[in-house]
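Enquirer: A single structure is presented below for examination.
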Amino acid sequence: MSKANLLHTDNNMKIILFSEVSVGISANTILFFARLCKLLGENKPKPIDLYIAFLSLTQLMLLITMGLIAVDMFMPWGRWNSTTCQSLIYLHRLLRGLALSATCLLNVLWTITLSSRSSCLTKFKHKSPHHISGAFLFFYVLYMSFSSHVLVSIIVTPNLTSEDFMYVTQSCSLLPMSYSRESRFSTLMAIRETFLISLMALSSGYMVALLWRHKKQAQHLRSTSLSSKASPEQRATRTIMLLTSLFVVLYILERVVFQSRLKFKDCSVFYFVHIIMSHSYATVSPFVFICTEKHIIKFWESIFGRIVNI
């Protein structure tokens, strides 16, 4: 078995991983319920609020699944059978892909929503929610097929010592793939991620141009002695730009760590760092929404105020 199976002996790694998962679950829960209450309180809910709620729910489920997997990595209470291994690892892979798609499609929807009336994107404003929903369903089916290899590649960890198996948890291991199959799978993953990140880059480029235009307008307003307070569009643009920048930086770091893990033959340290990096966006991104949108802060202040009064 690979060196990564020594993870369960390191208490520091266990504390760091469970802390990340706990913080991420808490943050996504706060964001999800704040958005859900906003959606239920509006006569005509905004599509952007619906997709933010969906993204937070997807990330919440991803982190819960990772928490269950982490339990078997660090403190197994009993050996999982093959069905449990395959189901949880498959669900985790599927949710990671859906979180990536939801992030990208939210970026695109936000760009279309914030586009000016003179923009070429205006004609998509009323149709975009339906198109985004259709695109997400397409990606869902696509990821189900992409992740299906897990159902035949994940096995119960054998008792014998072997370097052929890649460690996943104390109970689960990954069978080695043939070179042709691994190349085909890697190519499909690369095409998927390149497409989604390119789409995010294009929409982010448009957002930069939009933010620059708003800045010019703000300078003009200041020169005419009118209020220079940032508009909701400017705040939304800055939020999505911050999220995109955060996603790209963390994605690049994750890829570097993943390649290092393969190079150093599944070293436990690189395996652990890769897990942390691959879930860092799901943990950090809710705080960007929470800190930049005042209504979420006010919502939870009112909730805690009622609890204290009781």
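A Cβ is built for glycine as well, from the same backbone N, Cα and C atoms used for every other residue.
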Enquirer: State the disulphide partner of Cys85 as given in Swiss-Prot, choosing from Cys37, Cys120, Cys172.
Expert: Cys172
Enquirer: Under the topology that Swiss-Prot records, do Thr169 and Leu262 share one side of the membrane?
Expert: yes
Enquirer: Does the transmembrane segment (94-114) come close to the transmembrane segment (191-211), meaning at least 3 CB pairs under 8 Å for residues 6 or more apart?
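Expert: Judged by the Cβ rule, the two regions touch, with the required three close pairs present.
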Enquirer: Which listed range (13-33, 51-71, 136-156, 239-259, 270-290) shows the maximal number of Cβ pairs under 8 Å with respect to the transmembrane segment (94-114)?
Expert: 51-71
Enquirer: Write out the long-range same-chain contacts of Asn81 (N-linked glycosylation site), meaning residues 6 or more apart in sequence whose Cβ is under 8 Å from its Cβ.
Expert: Val156
Enquirer: Based on DSSP, name the secondary structure state of Asn81 (N-linked glycosylation site): helix, strand or coil.
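Expert: Its secondary structure by DSSP: coil.
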Enquirer: If you average per-residue pLDDT over the topological domain 'Extracellular' (72-93), what number do you get?
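Expert: Over the topological domain 'Extracellular' (72-93), the predicted model scores a mean pLDDT of 84.
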